[in-house]
Amino acid sequence: MDHFNYKDGELYAENLKVSDLARQYGTPLYIYSKATLTRHMKAFEDALQGKKHLICYAVKANSNLTLLSLMKSLGAGFDVVSEGELRRVLKVGADPKKIIFSGVGKTREELELAVKTGIGCINIESEPEFELLSEVCRELKLEVKAALRVNPDVDAKTHPSISTGLKSNKFGLSPDAAFELYQRMAADPYVQVSGIDCHIGSQMTSGAPIAEATEKLLTLYGRLEEAEIFVDHIDIGGGLGVTYNDETPPSPYEYMAAVLKRVGERDVAIYVEPGRAMVANAGILAARVLYLKKTEAKNFCIVDTGMSDLIRPALYNSWMNIIECNKREGDKTVYDVVGPICESDDFLGKERKLNVQQGDFIAVRGAGAYGFAMASNYNARRLPCEILVDGDKVEVIRRRQEFEELWQDEALLSFD
Ligand code: LLP
């Protein structure tokens with residue numbers, strides 16, 4: 001459940017009319033709901049009640065500083081995958097001990113910063129990464145906690161582009177390779193064994209794959225125990241899906257229950273790295289209808305946002321719900337909803353039934369995750385404005401980019 005609902009045919013973000021916000025702040029406009037985000041965080045907290053745990057919000061889904069600050073105030077830790085993300089969460093004053101660092105290609109500079117920061121855990125994905133981390137720690141004379149990301153070879157049954165736990169993927173180490181590396185790590189004076197980590201994919205709409213992955217991690221946990229190598233946490237990654245269309249993903253409670261049931265009484269904390277489930281449905285992208293264009297083949301609803309602001313439909317053929325901000329009486333027409341960008345793949349949705357007129361506002365639901373975070377300046381378009389609604393209050397949490405900012409980092413050599 002989110003806080004974007006209709007009242008008398010008008011779409012509201014909490015207590016504010018979306019079309020008023022669109023008029024006031026301009027379009028394209030990302031609108032987030034504080035109550036929805038808060039509710040999602042609470043759902044994960046409730047699901048993990050009674051078990052030691054850390055909810056590390058996956059910053060990549062949406063890294064706006066205000067949203068990070070909100071997540072921090074709700075007790076979240078953070079999962080970061082780059083120096084930029086690490087610096088973002090430090091900027092909002094995150095407790096370093098509640099930050100974990102994932103990613104298959106961390107640089108020496110990134111590892112150095114993480115170690116100096118006193119980060120909670122580094123999720124190592126390969127033997128050479130372990131060796132580099134050990135070298136960095138030795139040079140800095142600092143210890144660090146680490147986990148190995150295990151690739152459990154489990155099919156997450158999701159879109160192939162966002163499936164990460166198959167042995168053909170670049171991520172993680174096989175359980176056998178991890179077992180070997182844990183032994184080296186246990187003997188290392190600086191890199192301390194802290195956890196077992198995995199992340200098998202995103203937008204998972206069933207609890208079965210994570211249950212299967214958990215079992216594989218627990219088998220490794222048992223082998224490590226026998227070898228007298230002890231971990232303090234098991235990190236099951238992110239991946240819980242959301243409803244974009246007619247998907248029926250488990251609730252955070254059901255999802256975590258599938259994990260907790262298997263972990264049982266073992267004395268380990270559970271870490272989880274949700275991104276999408278936390279923010280997707282806490283955000284919409286509002287846009288204005290520029291033109292309605294009828295051709296022999298199709299009806300096009302041309303709007304003022306597209307793949308530069310929201311690339312998921314173009315990149316993954318993702319189905320995202322497009323709705324009218326004010327419902328009109330009368331028949332709907334079938335449209336391809338497309339953007340202004342000069343690419344045929346610049347669409348938000350195909351064959352959607354809408355009753356809209358030129359100048360109306362539409363909203364793409366579920367746009368809070370991997371929306372703004374993947375936006376670009378393609379076609380020299382400015383990055384959109386982002387606002388946060390809290391009841392009947394609203395704050396601009398990122399102003400619309402200025403045109404000058406599009407070229408401010410460039411040199412202008414003259415050849416006249
Ligand atoms: N942890 C790790 C190590 C990850 O790689 C990811 C996402 C997450 C956590 C968070 O996963 P989530 O809870 O959001 O499913 N751009 C794609 C999604 C890419 C996900 C990449 N990794 C999309 O728009 O669908």
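Note: Cβ is positioned from N, Cα and C throughout, glycine not excepted.
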Further binder of substrate named by TrEMBL next to Arg276, Arg312, Tyr316, Glu343, taken from the candidates Tyr253, Tyr255, Tyr291, Tyr370: Tyr370
Same-site residue for pyridoxal 5'-phosphate (record: TrEMBL; known: Glu273, Pro274, Gly275, Arg276, Tyr370; options: Gly239, Gly306, Gly339, Gly349): Gly239
Lys60 (N6-(pyridoxal phosphate)lysine): tally of other CB atoms within 10 A of its CB: 21
Pairwise Cα distance for Glu273 (pyridoxal 5'-phosphate binding site)/Arg312 (substrate binding site) [Å, integer]: 21
From recorded positions Lys60, Arg312, Tyr316, Glu343, the one whose Cα lies nearest Arg276 (pyridoxal 5'-phosphate binding site): Lys60
Rounded to the nearest Å - Cα separation of Gly275 (pyridoxal 5'-phosphate binding site) and Lys60 (N6-(pyridoxal phosphate)lysine): 7
